[in-house]
Amino acid sequence: MRGGVLAVKYHAYTLWLFIFSDLKTIILPSTVFGIANAWAAPRYGISVAETPSSPNEMENMRRVVAQTISVIFWILANFLPFAINNQRDRSAILEDAINKPWRPFPSGRIIPSHATKLMVFLYIAAPVYSMVISGGHRQSLGLVVLGTWYNNWGGAEHNPLVRNLINALGYTCFISGALEVALGSALLPLHLSHPLAQWLLVIGAIIASTVHLQDLPDQLGDAKRGRATIPLVLGDAVARWTIAVPMLGWGLFCPVFWGINRGCFTGSTLLAWTVAIRVVVIRNVLGDKLTFRLWNCWIAMVYLMPLLSRGHIH
């Protein structure tokens, strides 16, 4: 009995290590987007009877907790196979041995062949679960394609613009899928004139133009792997300016887009500009890692803006 409990703990911790680095990038921010934007559904002109329009109008806390758990489970079910696929080949293990030696493969907690079986199972199970139970099946299928493109068809390796594009599409799939699960109804198809479609396009553009901030602290491992990232292709100094300049613009654009109050406007803009300044001024691995954490905090604030708005898009 005790051996079984220890085995469960061991494997659970192994799964945790697969996703740990992306708690701040995908899992927690996507959960924030799904729940907050479900509450903000009326601002998009979306009317869903069973979804509270704001956290102050909840009639049933158990339903809201269940909604949150469903969103997190959907995100994890779709993210875990991507994480395994991203970390399982020889070049990825060599890179992680430098950048993240605590991950399951370089630390020897699991062998790639066993993890691959779990990955294949989840790549099948996640879309089926999404189609039959949770919702978000279009996004789930999209994530299978994007994950395969990124990890197996060279999407992350050869062209940094393609790499950023796949990241942007992946982020958009995760947040829109999380929102569908939270709402309990499909969002697609959306016309470009729809406020939610416009906001998803804005977020996709933000990710595509700034997500390579995550590549700054990983340049040594990426170079050893032969991966073409913007910092390695354009050079460290130029890459930093390609992040800083868009951040200055997005820091102003997003709060104006939603017309949020002055306090939130000031806070989000200052955080965006702090990221822009830090990425140019502070040029070391530890500094870049902290700057990336601040970028993720700002992304979470961006995801909350519909809930903080005065009820219309400018």
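From the backbone N, Cα and C atoms, a Cβ is placed for every residue, glycine too.
Feature annotations, courtesy of TrEMBL:
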type: TRANSMEM; residues: 12-36; note: transmembrane segment
type: TRANSMEM; residues: 64-84; note: transmembrane segment
type: TRANSMEM; residues: 168-189; note: transmembrane segment
type: TRANSMEM; residues: 196-213; note: transmembrane segment
type: TRANSMEM; residues: 238-258; note: transmembrane segment
type: TRANSMEM; residues: 270-286; note: transmembrane segment
type: TRANSMEM; residues: 292-309; note: transmembrane segment
- Intrachain residues whose Cβ lies under 8 Å of the transmembrane segment (292-309), provided they are six or more past its termini: 24-25, 28-29, 32-33, 36-37, 39-40, 43-44, 54, 175, 199, 203, 206, 210, 213-214, 216-217, 247, 250-251, 254-255, 257-261, 264, 267-268, 271-272, 274-275, 278
- Task: Sort out for me which stretch, of 12-36, 64-84, 238-258, 270-286, has the most Cβ pairs below 8 angstroms to the transmembrane segment (196-213).
- Result: 238-258
- Task: Sort out the residues at least 6 away from either end of the transmembrane segment (238-258), same chain, that have Cβ-Cβ distances under 8 Å to it, and list them.
- Result: 199, 202, 206, 209-210, 212-213, 215-216, 230-231, 264-265, 268-273, 275-277, 279-280, 283, 295, 298, 302, 305-306, 308-309, 313-314
